[in-house]
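Novice: Handing you this structure, nothing more for now.
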């Protein structure tokens, strides 16, 4: 399979055109066609020679993803199911926010973190996405608006889709550099957020990178016993090790951290847990922010249910009274397969059922 042209950083593109016997400025032209004019084929790059277009076609593809399903919500949320060149499926979500268009990208096919409440982990990790496959998700969402003649542009990115981004560290970093490049989509680093389930050593590495991308940590519980019961990653990186890495990140970057906390009815949503959480955050309270997330039920995880509004409000009020910055996340796409991984999982089930029916009519 030929790689996506989006896999090449700008400098790598310059090196490639020089290897082809071309002038270095050709790299700028190619990038302008890809990221500013957003063409879908090399033939549309009309200021390139036929010989260079042939070389591009011989070595790369523009778009490695095939659109399988698009679900549009009444609130403007759009969920995409894309097929990779090897036939595997991934999800991408567009959310219309008051501050702009935000896209949630996937970084792996499946997930090995194994959170007991999450649809993403229903299918184990099969492979990492490469940089080009992650970039292509942004480009295809942008194409959705371009084709409708809507003068809107993707302005924010959250790396919170299927997979653990820091388990695909190098590809995710290269994605940041490509999408942030002034000659490309030029999406500001501070408009990008990456979420990790808590790979402590990678949080330290990320602190040392010096990038301005925002960090979010999927916490979901304030103590080791509870967190280990719902997130097996906590057995490898218990809260003490995780928070040592978070404090290192804050000290190194002087940047805040968002903590994601999914509200599971009578599991982690009591006032007692809220008080534990305030204690856990006491040393970093000024540079921490808690995002309380209403739970999207997953049929395979029917041991969990959504916290009632009164329990969410009591938890929220407890945090606020203790001086913790927090918010209840606005929901998007509740009338479609909203939970991360749900559309992919449901589609794979239907595909399997069709295959069985074809064999046993």
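Every residue gets a Cβ built from N, Cα and C, even glycine.
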Novice: According to Swiss-Prot, 163, 164, 218, 219, 220, 296 bind S-adenosyl-L-methionine; so which of 195, 305, 307 is the extra one listed there?
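Specialist: When Swiss-Prot describes the S-adenosyl-L-methionine site, the candidate it includes is 195.
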Novice: For residue 104 (disulfide bond), which of the three DSSP-derived states applies: helix, strand, or coil?
Specialist: strand
Novice: If you measure residue 195 (S-adenosyl-L-methionine binding site) to residue 91 (active site, proton acceptor) at Cα, how many Å is it?
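Specialist: Counting only the Cα atoms, the answer is 16 Å.
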Novice: Count the Cβ atoms, other than its own, that fall within 10 Å of the Cβ of residue 91 (active site, proton acceptor), considering every protein chain shown.
Specialist: 26
Novice: Tell me the Cα distance separating residue 115 ([4Fe-4S] cluster binding site) from residue 220 (S-adenosyl-L-methionine binding site), rounded to the nearest angstrom.
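Specialist: Just about 10 Å between their Cα atoms.
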Novice: Taking all residues of the domain 'Radical SAM core' (97-329) together, what is their mean pLDDT?
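Specialist: Here the predicted model's pLDDT, averaged over the domain 'Radical SAM core' (97-329), is 95.
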